[in-house]
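These come from TrEMBL:
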REPEAT    22-56  repeat 'PPR'
REPEAT    124-158  repeat 'PPR'
REPEAT    225-259  repeat 'PPR'
REPEAT    260-290  repeat 'PPR'
Amino acid sequence: MYSKCGVMVNAHNVFQEMECKDEVLWTALIDGYAKNGPFEDALSAYKNMVKEGIGIDKFVLCSTLSACAALKALNFGKCLHSVMVKKGFELEISVGNALTDMYSKVGDMESASNVFGIDSDCRNIVSCSSLIDGYVEMDRMEDALSVYVRLRRQGIEPNEFTFSSLIKACSSQAALEQGTQLHAEVIKFNFDSNPFVSSVLVDMYGKCGLLDDSIRVFDEIENATEFAWNSMLSVFAQHGLGKDAIQLFNRMKNEGVEPNAITFVSLLRGCSHSGLVEDGLSFFKAMEKTFGVMPREEHYSCVIDLLGRAGTGLKKAEDFINKMPFEQMLFGWCSFLELANPW
């Protein structure tokens, strides 16, 4: 129960008090650590389980692999892979998915691709999405698109995670042609009403310079999530449309959507790029006081940039840094030096 609720300290204490620790208890503990952390404890628990001579099944191995993925513990993951092979689990779909996910997240795309190609039965949407996401993280867009083509040829239908990863790749590389083709696929599979996929499309069109398309996609989203609002705010900031960003922020509040730290980064950047100094400072002050959002390094950096761009010299930026919390001052001075010496 404690493991499922994420209260791992209590779960560990209950586990320690049990006299007979069977396979079920060990599995629950490892799975809890793998899902909630500390991930290192999942690996330690697995080692202890092996030492105790408790039988290892595919569920324990998959949970431990998940912790390896989070820790990017490639060597440990490879050891688990060898155990899976010895036990004859490698061709099972859940194991293939877990292995593909682990190798993809640690950046070993060759091994991920090898696991993916072992048996056609392993090629389901979960393993495909993991492989695509891994290639996207490694900026290997052609390989990611190749996997997508393969899954479509096999009759596997993509899901929201597949599209989100691929469209993000198009955003980062401003690959408009591929992005519009994927948008057509999104519509074909009826994911155009999915808030998460639509939000990524908003970002993609914005980064490719098509502001009108970005706005159109955003306006078509029903019940836009916080992520969608932030994506549109970010697009306005990228295009130097500070006043539009402010108007959108007011709409966001009226819709009852709570702003978060990411919201204010985009809002402050929009003000900075548009020279809206007073508005930017007002939003910065309202972050914690009105919305309960604690300023972070990126927010201070935005304000320093805002003041530096204002045409009033660097004195106001310097004064702002001197009033910053002590733990943020070093970062503030680094930002100031970048502003003062832009070469």
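Glycine is no exception: its Cβ is also placed from the backbone N, Cα and C atoms.
Beyond its flanks by at least six residues, the repeat 'PPR' (124-158) meets 93, 96-97, 100-101, 103-105, 107, 109, 112-113, 115-116, 165-166, 168-170, 172-173, 175, 178, 185, 189 of its own chain at Cβ-Cβ distances under 8 Å. Across the repeat 'PPR' (225-259), the DSSP tally of helix, strand and coil residues reads 26 helix, 0 strand, 9 coil.
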